[in-house]
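Database features (Swiss-Prot):
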BINDING   Cys34, Cys45, Cys48, Cys67  [2Fe-2S] cluster binding site
BINDING   His99, Cys103, Cys106, Cys112  [4Fe-4S] cluster 1 binding site
BINDING   Cys151, Cys154, Cys157, Cys201  [4Fe-4S] cluster 2 binding site
BINDING   Cys228, Cys231, Cys235, Cys263  [4Fe-4S] cluster 3 binding site
DOMAIN    1-83  domain '2Fe-2S ferredoxin-type'
DOMAIN    83-122  domain '4Fe-4S His(Cys)3-ligated-type'
DOMAIN    221-277  domain '4Fe-4S Mo/W bis-MGD-type'
Amino acid sequence: MATIHVDGKALEVNGADNLLQACLSLGLDIPYFCWHPALGSVGACRQCAVKQYTDENDTRGRIVMSCMTPASDGTWISIDDEESKAFRASVVEWLMTNHPHDCPVCEEGGHCHLQDMTVMTGHNERRYRFTKRTHQNQDLGPFIAHEMNRCIACYRCVRYYKDYAGGTDLGVYGAHDNVYFGRVEDGVLESEFSGNLTEVCPTGVFTDKTHSERYNRKWDMQFAPSICHGCSSGCNISPGERYGELRRIENRFNGSVNQYFLCDRGRFGYGYVNRKDRPRQPQLADGTKLGLDAALDKAADLLRGRTIVGIGSPRASLESNYGLRELVGAEYFYSGMEAGELARVRLALNVLNNSPLPVPTLRDIEDHDAVFVLGEDLTQTAARVALAVRQATKGKAEAMAEAMKVQPWLDAAVKNIGQHALYPLFIASLAETKLDDVAEECVHAAPADLARIGFAVAHAIDPSAPAVAGLDDEAQALAQRIADALVAAKRPLVVAGTSLADPALIEAAANIAKALKLREKNGSLSLVVPEANSLGLAMLGGESVDAALDAVISGKADAIVVLENDLYARVPAAKVDAALAAAKVVIVADHSKTATVDRAHLVLPAASFAEGDGTLVSQEGRAQRFFQVFDPQYLDSSIQIHEGWRWMHALRATLLNKPVDWTQLDHVTSACAEAAPQLAGIVNAAPSAAFRIKGMKLAREPLRYSGRTAMRANISVHEPRTPQDKDTAFAFSMEGYSGSAEPRQQVPFAWSPGWNSPQAWNKFQDEVGGHLRAGDPGVRLIESQGDRLNWFNAIPGAFNPARGIWTAVPFFHLFGSEESSSRAAPVQERIPAAYVALAKSEADRLGVNDGALLSLNVAGVALRLPLRINEELGAGLVALPKGLAGIPPAIFGASVEGLQEAAQ
């Protein structure tokens, strides 16, 4: 710690920070533009000027940029010095010479950092009366709108996009006061993290195009703390609603998880919530709409006296899955995961529970100095993990700078010292990945061969690990190099997962973790699982969806209740058809119109994450609560959307002719926690419904929320009472606590007086860029218990394909491989058409060129798909894009036959 003196007051700060960060962490206001907590300091904008003095006797001082000045012990500065204030005001005035006067029509208005800083400096009159420079805007795709005339040349966008996120297609062009930030030509931004430009940019150059179609100001939206359902990373989000529609998603700061950034699937994939074809009223197969009571009575009549299987879902909350389990009984509750996937998730859970190495948070991943990714294309399967791994490789430059006594926040100096030096990253994958540019070495092979390399790495680290027989010299040498790098590191990281449908990859990663622990390495093990609640569902229990369908087909059960799951996306259609035909009753509760919904005798409209509350468990084992953003019945009383657990419990009560016991979320959460030992901690994932600050509930709406009394004027001139939330500590109102002075974990939206932009998160943190003052949201359910794993010995044989027989393997796409986000219109523009990928050698042998139409038979399913030649894919492999339309599920690892050019 260090003592600095600010305007005569002695204050304790972190001496490793710069003055800007230190002062902001103290709650003091200094305007800034180019600095960002995740990007460091470059001193480009000159906005954060303060007066620095030699000591308490110095009355003259000198102006310095606070972001470029260390917070050294004994530093004397003044923020309120008149010369400094005049300097800061003049900087804003210079920026305004070319900035348009378009705040009323600018989509950044109301959450604009430039507006905040302009007000903070006191600039309120423009004296510049001459021609402004103008630019041509670009079409950057379906996610980002571009208005270059608003640029203030802070360089944040390119520093984030190129230096932080690793993008290559956004740059800066021009010179002096006429620079242009964009692409060489119009086109879709290629980075999977481009959406963060909308929050990184302090002005309205880059704005959310998905919000533009139905735009409103930030102060006119209703928010709630939520969790992204797009993958298993568990990123925290703030969805905003107006008039019963989700309008945008903003990043919600969690210092242990996503910090300041989201992937584009998580930010822009919310459109399925607003789809017109969603189930909104209970409906019979003939199209008859029912009310709430009639639907429950009908469902009870259909199910009474029958043996019911309940099929849950890894995209549904723990509470909803538990509600289904209580309805049908634990014996007849099924997880909803395909058999192979469930086995792999269970294996991952067992490994994490008993691993000798801890499970890292997303933020922890950034602090490792050697990484081995085994079998995962992280950018496509867990994008936010990929971004964290990219930051881990860049830690080498910071370490080199530290050795030269250069502060890590001096961004340009650190890069100059590092000269592109990176910590070692090794990637073993099917084909090329978006992280290859920062990898020391990459190897591409079949899943079995990747696993063999992993087992060989473990043996090279510790000879007591099982050896791999028949490994060729090249692979053995690679395994030795990977092992040497992991052992040489202070904090190595191993990342694997379930994606390639081969449990041997997880077992190999577990062996590496055990070997590293035996070498006394302070490492970590991270395992990627498929969906938002896959790990939580494995903790809750339940067999596979295959077993559920078998039970119906065999006559063991004659009724099916499906919760938030499309069975046709899990197992082959023929098996689903057989089970649904055998079932006397099929009831589906879901928030989206799926093929399974179309086959239901009764559909119950379930809440999406925006209309309900619940708990998810991320791949880290972190239980996190998501909260209802809005009540859909407020604007349309005919809507009967309810959380899955409410439907299930009400149906159970109707069947048993008993009163409803679970009247609020806390009741079902507590019951679920008691039923599954590993889920006992979920009650602590968020405050209870009784939580208050200064006697008030927490406001979902900003103080300036407008139009509430007029929103239903077209329905009735009589204003109803606002919805009452009995489930949580939040109010559907601006009436409640919304400030930053009182520490709290669950923050619906970031706002503080004078801070309307996302930079308002400064006011909620223990130190800027650190953690929330009340602690980061969520509770970890998995903590390392020491080494309780034995060596995994089932090492697969080498992949040796027979001529004319291929093996199907999955390629993943951030846009398209996840079910719900693929229903969002902007995301659909980014989803590729279905294809089949082959190695160049295989294409040559078949005599076909790129784009040729091929026919093939995989697991009994005939397909006709265009060819994509992949230079990195191994021989004997046929890659198919998982989740894309036309690609059947549960085929990966199966044999492919009849591969040939299709007859025209």
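Just so it is clear, glycine is given a Cβ too, placed from its N, Cα and C backbone atoms.
These figures come from a predicted structure and were not determined experimentally.
Everything Swiss-Prot records as a feature, shown here on the structure.
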residue : record                          : DSSP class
Cys34   : [2Fe-2S] cluster binding site   : coil
Cys45   : [2Fe-2S] cluster binding site   : coil
Cys67   : [2Fe-2S] cluster binding site   : helix
His99   : [4Fe-4S] cluster 1 binding site : coil
Cys106  : [4Fe-4S] cluster 1 binding site : coil
Cys112  : [4Fe-4S] cluster 1 binding site : coil
Cys151  : [4Fe-4S] cluster 2 binding site : coil
Cys157  : [4Fe-4S] cluster 2 binding site : helix
Cys231  : [4Fe-4S] cluster 3 binding site : coil
Number of Cβ atoms other than its own within 10 Å, given for Cys201 ([4Fe-4S] cluster 2 binding site): 25
Cα-nearest neighbour of Cys157 ([4Fe-4S] cluster 2 binding site) within the listed binding-site residues, Cys45, His99, Cys106: Cys45
Proximal residue to Cys235 ([4Fe-4S] cluster 3 binding site) among binding-site residues Cys34, Cys67, Cys106, Cys154 (C-alpha distance): Cys34
Neighbour-count leader, CB within 10 A, binding-site residues: Cys45, Cys103, Cys106, Cys112, Cys231: Cys231
Candidates His99, Cys103, Cys228, Cys263 (binding-site residues) - the one closest to Cys154 ([4Fe-4S] cluster 2 binding site) by CA: His99
In sequence order, the binding-site residues (Cys45, Cys48, Cys67, Cys103, Cys231) whose C-alpha falls within 10 A of Cys151 ([4Fe-4S] cluster 2 binding site): none
Sparsest-packed among the binding-site residues, when each Cβ's other Cβ atoms within 10 Å are tallied, from Cys34, Cys48, Cys67, Cys228: Cys34
Proximal but sequence-remote residues of the same chain as Cys263 ([4Fe-4S] cluster 3 binding site) (Cβ under 8 Å, at least 6 apart): Glu192, Phe193, Gly195, Gly230, Cys235, Ala383, Arg384, Leu387, Leu814
Separation of alpha carbons, Cys201 ([4Fe-4S] cluster 2 binding site) and Cys106 ([4Fe-4S] cluster 1 binding site) (Å): 14
Other C-beta atoms that fall within 10 angstroms of the C-beta of Cys157 ([4Fe-4S] cluster 2 binding site): 23
Long-range Cβ environment of His99 ([4Fe-4S] cluster 1 binding site), under 8 Å and at least 6 residues apart: Leu114, Lys132, Asn149, Arg150, Ile152, Thr203
Proximal residue to Cys103 ([4Fe-4S] cluster 1 binding site) among binding-site residues Cys45, Cys48, Cys67 (C-alpha distance): Cys45
Neighbours of Cys151, Cys154, Cys157, Cys201 excl. site residues, C-beta within 8 Å of centre, [4Fe-4S] cluster 2: Ile152, Ala153, Tyr155, Arg156, Phe181, Val200, Pro202, Thr203, Val205, Phe206
Neighbours of Cys34 ([2Fe-2S] cluster binding site) among the binding-site residues Cys112, Cys201, Cys228, Cys231 (Cα to Cα, within 10 Å): Cys201
Spatial neighbour of Cys201 ([4Fe-4S] cluster 2 binding site) that is closest, considering only the binding-site residues Cys45, Cys48, Cys67, Cys231 and their CA atoms: Cys45
Spatial separation of Cys231 ([4Fe-4S] cluster 3 binding site) from Cys45 ([2Fe-2S] cluster binding site) - C-alpha basis, Å: 37
Integer Cα-Cα distance in angstrom, Cys112 ([4Fe-4S] cluster 1 binding site) to Cys228 ([4Fe-4S] cluster 3 binding site): 24
Three-class DSSP secondary structure - Cys263 ([4Fe-4S] cluster 3 binding site): coil
Near-site residues: [4Fe-4S] cluster 3, ref Cys228, Cys231, Cys235, Cys263, CB cutoff 8 A to centroid: Gly230, Ser233, Gly234, Asn258, Leu262, Arg265, Gly266, Ala382, Ala383, Arg384
